[in-house]
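Q: According to TrEMBL, the transmembrane segment annotation covers A:36-59, A:66-85, A:97-122, A:134-154, A:174-196, A:230-250, A:270-294, A:306-327.
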């Protein structure tokens, strides 16, 4: 049916949309490779949305700012280490790796701290007062804007001047598509972090606590799980992963350190979380990669101006057939 | 395998993947660009016309107390560097004027639209309600100018835009709209001629952002290039990941790429365009012509051509020095144009005009040379004398290349 669409639309004199199937096919592997590399960032950020939702049934819209604070953290670490903006650094290999790991640590700590503070300052007082769920949601949106504007006043609306530690360079080819060193690093490192997070949730005692609270907070409390501590832990894990995502993001896109740089990315990551099944960690992982890839397919098929539309159309279509997302179940029910 | 063992392997893998990235860092090739033209032929910057009308005038200006003009445009918003370059030109003009004319002290009021069409309407209403404002320099961007034009028209408040280049702006019947430079109907074809003839490009990809400036300019360039256009793409404001668009361009393998948009998106776009070693020449317009682009493109800006209906200010000795002293930076895109636009308004106030109607009438009949060009508008508010220049990024500096239209 899609195959007929171009002719149908052409006959109808429609010129605001066109379907370039040939381009979609030609660019398929190229888009897949790039989509996976960028989607890994969506995945890491999506975990934060999904964990908090699983435990609190709260969509933490301020998570996008948790992410961007991590980007600033990594950026200032680069600056502190003496890297200069505007060019590609020429440091020796080992030094670069050590510095990257250092920046990763700083970014994760920054984001983790912001997530934790957010929980303490914004959400915990509301929980104490047993505020209705809607109030949490509005608070989250408010916190998001407050942090964003604070960063804008502190810095300025221009992106920080780009600092790049590693020059992107093609490493090898998959299906005729060159994969750059940065893409491979980001993809592998993100995958590893996601697997660590997954095994933490599914295999450790603390992870069991998180799942227990997600499944039934009251019973979990009765069974001796400290609910407040679990909530704190959830925010910290989400923050840490967002911080890691932030470093990977500015490795790929060094121009991204700007006050509103997390906004759209956060919404996309949230979309990814819903796509995979919100509340489900593996769903976030899958959703992130799928969204990254589909966004690229959509652009090839329809043209670059449809980039943002594609992400949400994919979401709507999937929710029509699987209202709880692809992997469906919530954090608590996923594995008992 | 124990749990700990598994975690340990994961940790090792994580380190290994970071190492991989490092290994690949070795050779550090600058993205090469194949451009037919060289910069050996850089044209000399024009000197200031000897009869140019300057803000100071003859020092005999007389006007009522408390009259003011306004700068309305981005000061701290997105792409703010473009606005600040203009604002400093305006500030310099007002300062020089007030120093020379004891009998006419004009206040400059600054309004920040953050460059956004959504915010512009509110800010503009605020300015219109301030009765002391008799003329406006602004708005710098086409999108916001489009959003605000009708309000100015209804209020009868004259505006001279030092940088909005969307041709459609003068076709709305707004009798208060005056453009202090050439529009994209001049820049677009001039850029197309430059790409086709000077660069000798036979295939061109035209990319635009989703602003009315980008869309309008890309249309002009496409029409002028005709069959040479092998692919067209659109990107979104605030987009920073361009792999799909770059993929389309790579598949078309064009001799040149024209990017119609602003520097915020152009910098990552340029970097990602050349990251895989694509051999092409990037040409971008005035919205990209800023140091922010050069620095943020991380090396990829080198050799990029920038077209602009702005005149190089290097030759305007006195202006150049005074501006550098006031702003702490050299004049940038549209600094001199902002200075000239302000001069026109200041001349009107020096005449003792004290109503918006009179100032509007004065600007409509204005006919005198400024630093950058001769100022005389037609009934649409367009200038007849509209130079377009092309610049090139060399060793991290934007240097003038030649006049193209």
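Here the Cβ of each residue, glycine as well, is placed from N, Cα and C on the backbone.
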Q: Could you give the residue numbers and ranges of same-chain residues that sit at least 6 residues beyond the transmembrane segment (A:66-85) on either side and whose C-beta is under 8 angstroms from one of its C-beta atoms?
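A: Same-chain contacts beyond the ends: 45, 48, 91, 99, 102-104, 106-111, 114-115, 118, 147-148, 151, 155, 160-163, 165, 238-239, 242-247, 249-250, 256-262, 265-266, 269.
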Q: Could you tell me whether the transmembrane segment (A:230-250) and the transmembrane segment (A:97-122) are in contact, taking contact to mean 3+ Cβ pairs under 8 Å with a sequence separation of 6 or more?
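A: Yes, these stretches are in contact.
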Q: Any chance you could find the range in A:36-59, A:134-154, A:174-196, A:230-250, A:306-327 with the most Cβ pairs under 8 Å to the transmembrane segment (A:270-294)?
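A: Selected stretch: A:36-59, with the most Cβ pairs under 8 Å.
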Q: Ranking A:36-59, A:134-154, A:174-196 by Cβ pairs under 8 Å to the transmembrane segment (A:230-250), which is first?
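A: The listed stretch sharing the most Cβ pairs with the transmembrane segment (A:230-250) is A:36-59.
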Q: Please work out which recorded stretch in A:134-154, A:174-196, A:306-327 has the most C-beta pairs separated by under 8 angstroms from the transmembrane segment (A:36-59)?
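A: Between the stretches A:134-154, A:174-196, A:306-327, A:174-196 has the largest tally.
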